[in-house]
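Student: Pulled these from TrEMBL:
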{"type": "TRANSMEM", "residues": "7-25", "note": "transmembrane segment"}
{"type": "TRANSMEM", "residues": "37-55", "note": "transmembrane segment"}
{"type": "TRANSMEM", "residues": "76-94", "note": "transmembrane segment"}
{"type": "TRANSMEM", "residues": "100-119", "note": "transmembrane segment"}
{"type": "TRANSMEM", "residues": "126-144", "note": "transmembrane segment"}
{"type": "TRANSMEM", "residues": "150-171", "note": "transmembrane segment"}
{"type": "TRANSMEM", "residues": "220-247", "note": "transmembrane segment"}
{"type": "TRANSMEM", "residues": "253-286", "note": "transmembrane segment"}
{"type": "TRANSMEM", "residues": "298-321", "note": "transmembrane segment"}
Amino acid sequence: MTGRQRTVLGLGMALAASLGIPAWLGGSQVFLHIGRTAPWALVGAPVLMFLAWCVNGLRVRYLLAINRHSISYARAWLIAAGGDFGGALGPGLLTGIGAYVLLTTRAGLASFTAVALFTLEKLLDLSVFFATLVVSITLLAWLAPGHVPWYIPITAVALSTVLLTAIGLGAGCARTILRGSAGLMGHVGVSGKFRRRWLRWGLGFRRDVRRVMAQPPHRLAVLLTLAAGYWSCRFAILPLLAAGLGLSVPWPYLVLVQVLAVFAGQLSVLPGGAVSVEVLFALLLAPWIEREMLGTLLLLWRASVFYLTLVGGGVAFAGALGRVR
């Protein structure tokens, strides 16, 4: 089976799961509830996703500008939306980083510089997640005291802390990791030429990671603000849809569910975090929402985030490949 066939198969399984689980939860009532959803919610959810890409386009353009690569905002928007499409095609961060590197290297960046910028983006995203979790948990303690099990916020904060620490340590210990990997390659019979190329690439990555992490505070503040704007648009989608369905779930809890869904999606072997995202979503919201409405909300949310990324992000990805030299 070729790589393309595996991608198509995985995507088909992911779509089947992300459609099948809401249908199993809500049955035939799902489509009735969708028809009764407030029009402003049905329109507003994809608009928020589009706005998220607009903000992320600003982040991509700013990141490349501080690395002396000037591109138009339209091209940066295509890279931002196309990068999300790449991330939705496979498990974890693997396809996401591949798409990001492909699109930014076509814009003139070296591959190790692209990976360094991707690393900085993920650190900023995790910082936003951490702050979002703290704010959400604080508001929940005030708005819905005693309604949220204690282990949910603790698990969320612990995951953010572990991931932030892991990425930070990985970037800081790059030299040790490179030496160890080169030694391992030698033991398994990898050619010396490839090992030397790997070391040169790794040293370039290490140098660029240090350089991008050493940006002046005002630049990091701009990047952090843009990251917060991107995720604010995305995290506003679920509360908007819940309001459109007339559900009374505290919005900080809905934001918390989405943050945990992002983490759960990294654990799935299917595109878009299929199955793990749906299962977590259902487990966390089942105590708050009736089964039929839960299936409806899940389907609308996945349509606004996952399906829209596959369609709109896919068009942007193709456009980015066609527009950049």
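Each residue, glycine too, has its Cβ placed from N, Cα and C.
Note that TrEMBL annotation is computational and uncurated.
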Student: Any contact between the transmembrane segment (76-94) and the transmembrane segment (126-144), i.e. 3 or more CB pairs below 8 Å with pairs at least 6 residues apart?
Tutor: no
Student: Looking only at residues six or more beyond either end of the transmembrane segment (7-25), which have a C-beta under 8 A from one in the stretch?
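Tutor: Tertiary neighbours of the transmembrane segment (7-25) are 1, 89-90, 269-272, 274-275, 277-279, 282, 291-292, 294-296, 298-299, 302, 306-307, 310.
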